[in-house]
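Look at TrEMBL and you will find 33-59, 66-89, 109-128, 148-172, 207-234, 246-269, 281-300 tagged as transmembrane segment. The domain 'G-protein coupled receptors family 1 profile' annotation in TrEMBL covers 49-298.
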Amino acid sequence: MPCEGCTERDNNGTDATMEFLLLGFSELLCLRVLFFLIFLIVHLVTLVGNMMIFMAVVMEPSRSPMLFFLCQLSVIELCYTLVIVPKALLSLIMGDGSTISFMGCAAQMHLFVALGGAECFLLAAMSYDRYVAICKPLHYVAVMKEELCLRLAVLCCLGGFAVALGLTVAVFRLPFCRSHRINHFFCDVPAVLHVACTQSYTPELPLLAACVLLLLLPFLLILTSYVCIATALLHVTSSVGRGKAFSTCISHLAITLLHYGCATFIYIRPKSSYSPAQDKVVSLVYTNITPLLYPLIYSLRNKEIRGVLRKMLRRKNVAQLN
């Protein structure tokens with residue numbers, strides 16, 4: 001039974017006229033200019049960093065499987081920030097928050113969850129790539145063919161979008177309270193569930209199922225890959241060889257810990273422990289800082305991507321001289 005003061009939706013088009021108010025950081029009006037500038041600078045640097053990696057990999061004629069996955073990761077991060085940050089910047093300009101339509105909120109949630117889920121599956125695919133490279137180096141070229149990489153990339157996207165669609169439909173079938181005030185800067189799942197007029201934990205079941213499919217399942221695959229990698233490295237007698245093999249995994253491990261650390265804190269907990277202030281801070285890191293750190297981590301730690309970036313800059317300099 002929905003709580004008192006809820007709006008029951010019917011089939012007469014009420015969804016088309018319903019709007020939500022994203023409060024954003026309306027409680028920090030005195031700092032909104034500073035927040036806007038920080039958001040804008042981080043957003044632009046993130047776009048430039050991921051675009052550089054994308055262009056560098058696309059221009060490279062002989063792409064390794066890891067470079068192919070990095071290219072897809074950069075595309076996901078580009079779309080990720082474009083889905084969230086422009087609306088967040090608008091809410092800072094408006095001061096008192098910004099409105100978003102029912103369908104716009106649903107579309108934003110779906111894209112956000114789909115891209116995040118695709119990234120989870122992609123991180124699992126990248127861990128499999130590292131497993132084959134370290135545990136079965138002689139079979140690496142035969143196993144990690146371009147066709148397999150393409151299939152894995154498509155499956156990652158389709159899996160993320162399918163689970164996100166089911167979750168979004170389940171969330172937006174709920175009745176919502178009359179205020180429609182979402183204490184967040186985008187339509188995140190816990191924030192929208194918080195304004196739903198329900199007294200039971202039943203609406204959280206689709207979120208729990210999505211967490212199992214998008215977070216737990218890929219994490220178990222990643223964990224299995226690294227257990228196999230660690231077991232294989234124990235049999236390597238040379239400490240230098242062991243260090244070189246492990247160094248190829250550091251970037252992937254760093255990104256996995258960042259992604260899963262924030263996602264676990266936000267989504268794997270009951271509705272009763274929801275805290276808007278904490279969630280907004282963690283989501284701020286999750287949607288703005290981590291997409292900025294990804295290209296930096298791979299640029300600094302991955303020799304292959306550094307080499308590709310150098311080639312791209314060298315071509316650019318030559319073109320300017322000519």
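Just so it is clear, glycine is given a Cβ too, placed from its N, Cα and C backbone atoms.
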Contacting positions for the transmembrane segment (66-89) when only residues 6+ beyond its ends and CB under 8 Å are counted: 22, 24, 36, 39-40, 43, 46-47, 50-51, 53-54, 57-58, 60, 98, 100, 108, 111-112, 115-116, 118-119, 122, 125-126, 129, 133, 146, 149, 153, 156, 185-186, 287-288, 291, 294-295, 298, 302, 304-305, 308
Tertiary contacts of the transmembrane segment (148-172), as residues 6+ beyond its ends and Cβ separation under 8 Å: 15, 65, 68-69, 72, 102, 105-106, 109-122, 125, 128, 189, 192-193, 196, 203, 206-207, 209-210, 213-214
Folded-back contacts onto the transmembrane segment (109-128), same chain, C-beta under 8 angstroms, at least six residues removed: 66, 69, 72-73, 76-77, 79-80, 83-84, 152-153, 155-157, 159-161, 163-165, 167-168, 171-172, 186-189, 192, 210, 213-215, 218-219, 221-222, 225-226, 252, 255-256, 259-260, 263
Intrachain residues whose Cβ lies under 8 Å of the transmembrane segment (33-59), provided they are six or more past its termini: 25, 67-68, 70-71, 74-75, 77-78, 81, 85, 88-89, 92-93, 288-289, 291-292, 294-296, 298-299, 305, 308-309, 311-312, 315
Distant-in-sequence neighbours of the transmembrane segment (246-269), which means Cβ under 8 A and at least six residues beyond its ends: 116, 119-120, 123, 126-127, 130, 133-134, 188-190, 207, 210-211, 215, 219, 222, 226, 229, 233, 279, 282-283, 285-286, 290, 293-294, 297-298, 301-302
Local confidence of the domain 'G-protein coupled receptors family 1 profile' (49-298) - pLDDT mean: 85
